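Summarising the annotation, TrEMBL assigns domain 'Tetrahydrofolate dehydrogenase/cyclohydrolase catalytic' to 4-119. Residues or ranges marked as domain 'Tetrahydrofolate dehydrogenase/cyclohydrolase NAD(P)-binding' by TrEMBL: 146-287. According to TrEMBL, the NADP(+) binding site annotation covers 172, 173, 174, 238.
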Ligand code: NAP
């Protein structure tokens, strides 16, 4: 087994982002800004928000945090988002998910200006991703794509793993992870199978794949029976168990196989926040271009 070091790839990328932010400051006297919105006080969400704010500070990105009461109505959340849309110091808006009390998150996400949609969850950006024909097009057009899937592809590229022509199975079809990741792998010319809870013969399907991505949300779900020799295994899962933080892959069960694998923690997790910083820079540049095109 060979570990794919997401932590190292992530810290290298953060150093590049920090340099880019410093250059922007020097050339434009502007500081890219990210607003985070937390509704309620879910302990895991608090930890994520704290890490996001800290990462912004480290990179020189200005952060603006808003904490709304857990009982806030959908209208109150949307009103705050609209205010953030109007704030010229803010380039990106991140609404921390999940929202409490099963509030319809998509309706709130739809209120985020597509130009500030650093999570890539607005229908406009999700649509651009689906319409794009290649990875180059996604990069050249600065399309805002959901951070975790973007992080996974970055990890694959930086690890020298060739995606083109490979068979990739993505277990999970959420709007946040599975769907956008499948589109990104397709744009990288993989043959993609998107699996879900109704998929039959999942083990056999995975066993035939060169790349297996587990984004299921079930600890140790993927074991030896899912993986072929030589496969690349990307574990997106973050599950809090009595044994501690645990991925969707049963790491101990596969660790003696001849595979490449991202660990949990230290694999995909750090890349998600790094891609949030990257998307904030993209949003800054997209807004700058958009606003200058609007000038008479
Ligand atoms: P989600 O919205 O709950 O989606 C889970 C997906 O897994 C669904 O599509 C579901 O299928 C599928 N699934 C559930 N049981 C299955 C089964 N028995 N066989 C095959 N597919 C099954 O979760 P998510 O937001 O995509 O997140 C997935 C995991 O990634 C979670 O552990 C989450 O904590 C983690 N995550 C990590 C990061 C990070 O930064 N590393 C970021 C986001 C999420 P159906 O659609 O049919 O229900």
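Placement of Cβ uses the backbone N, Cα and C atoms for every residue, glycine included.
Curation does not apply to TrEMBL; its annotations are automatic.
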Problem set entry | Largest CA-to-CA spread of NADP(+) binders 172, 173, 174, 238, angstrom | 16
Exercise. By a simple count, how many Cβ atoms lie within 10 Å of the Cβ of residue 172 (NADP(+) binding site), its own Cβ left out?
Worked result: 23
Problem set entry | Neighbour tally for residue 238 (NADP(+) binding site), based on other Cβ positions within 10 Å of its Cβ | 20
